[in-house]
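A.B. asks: One structure, as structure tokens, below. Some questions next.
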């Protein structure tokens, strides 16, 4: 798939932004640029901090986020990821619809996210509604936004109650050198793979240009939802699956690292991930979407791209 990305705007902006707000179908106020009428990324989150600010050590929430990454970087090893993919690849935890899974997310809060303390279903709908305004004809992208974080149900007891470090947070490849672009990179020194020679080169166990489909990523909600969608026969385009699996892969889509492992299809799909990421990161808000108002539209998309019941 080839796409000309006309809406992507870098998150490093110098000039002061002039914005207006447009109310979405579910009552969510979408920030808009007065000049372009496109989604306009705000500068600060609801706490008054910069987005993805991991250095504000005075914040109690930030201290918790750093401890999260310490645990994640220590325990996410190549063997751990293989074990998790084998276990959760069985898809034997539950059978339910996509919308039923969305409703389960009312019980989940992501402790790794310094920008959000709202129920996850609100983040999903805020992201989807913001994208829907700017890309009205890309219904697969609306649905991808709705479901991209559904894998966070791994935190719930019925899915094994995995610890936060095994479900959320930025992702990275395992089986090769840990790139310094990863948040709180210093804690990788305690990861057993850091002292394993075969995992300590640029390519590690992979070959250059092998394609990200052949690379093991740190285990979490991204990879789990990717497996659920793929194995249940979704008809979403490959770019949708790419967004689901790599939307937390910030060392790639923000810092531009690990590109040596990509193939041509990855490079095409990355253009869509750049589009998606702006909305995923900057649409987080304390203003809620009216769930019942937008539900019929998203149910229609679920029916178009997924079976009625999925194995999880």
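Using the three backbone atoms N, Cα and C, a Cβ is placed for every residue, glycine included.
The following feature annotations were taken from TrEMBL:
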{"type": "BINDING", "residues": "52, 110, 111, 112, 152, 169, 170, 247, 248", "note": "substrate binding site"}
{"type": "BINDING", "residues": "123, 148, 149, 221, 247, 280", "note": "Fe cation binding site"}
{"type": "COMPBIAS", "residues": "13-25", "note": "compositional bias 'Basic and acidic residues'"}
{"type": "REGION", "residues": "13-35", "note": "region 'Disordered'"}
A.B. asks: How many Å lie between the Cα of residue 123 (Fe cation binding site) and the Cα of residue 248 (substrate binding site)?
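C.D. replies: Between the Cα atoms of residue 123 (Fe cation binding site) and residue 248 (substrate binding site), the distance comes to 14 Å.
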A.B. asks: Counting distance between Cα atoms, which of the binding-site residues 111, 170, 248 is nearest residue 148 (Fe cation binding site)?
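C.D. replies: Of the binding-site residues 111, 170, 248, 248 has its Cα closest to that of residue 148 (Fe cation binding site).
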A.B. asks: Can you give me the residues near the recorded Fe cation site, meaning same chain, not 123, 148, 149, 221, 247, 280 themselves, Cβ no more than 8 Å from the center of the site's Cβ atoms?
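C.D. replies: Neighbours within 8 Å of the Cβ centroid, excluding 123, 148, 149, 221, 247, 280: 124, 127, 145, 152, 222, 248.
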A.B. asks: How many Å separate the Cα atoms of residue 280 (Fe cation binding site) and residue 152 (substrate binding site)?
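C.D. replies: Cα to Cα, residue 280 (Fe cation binding site) and residue 152 (substrate binding site) are separated by 15 Å.
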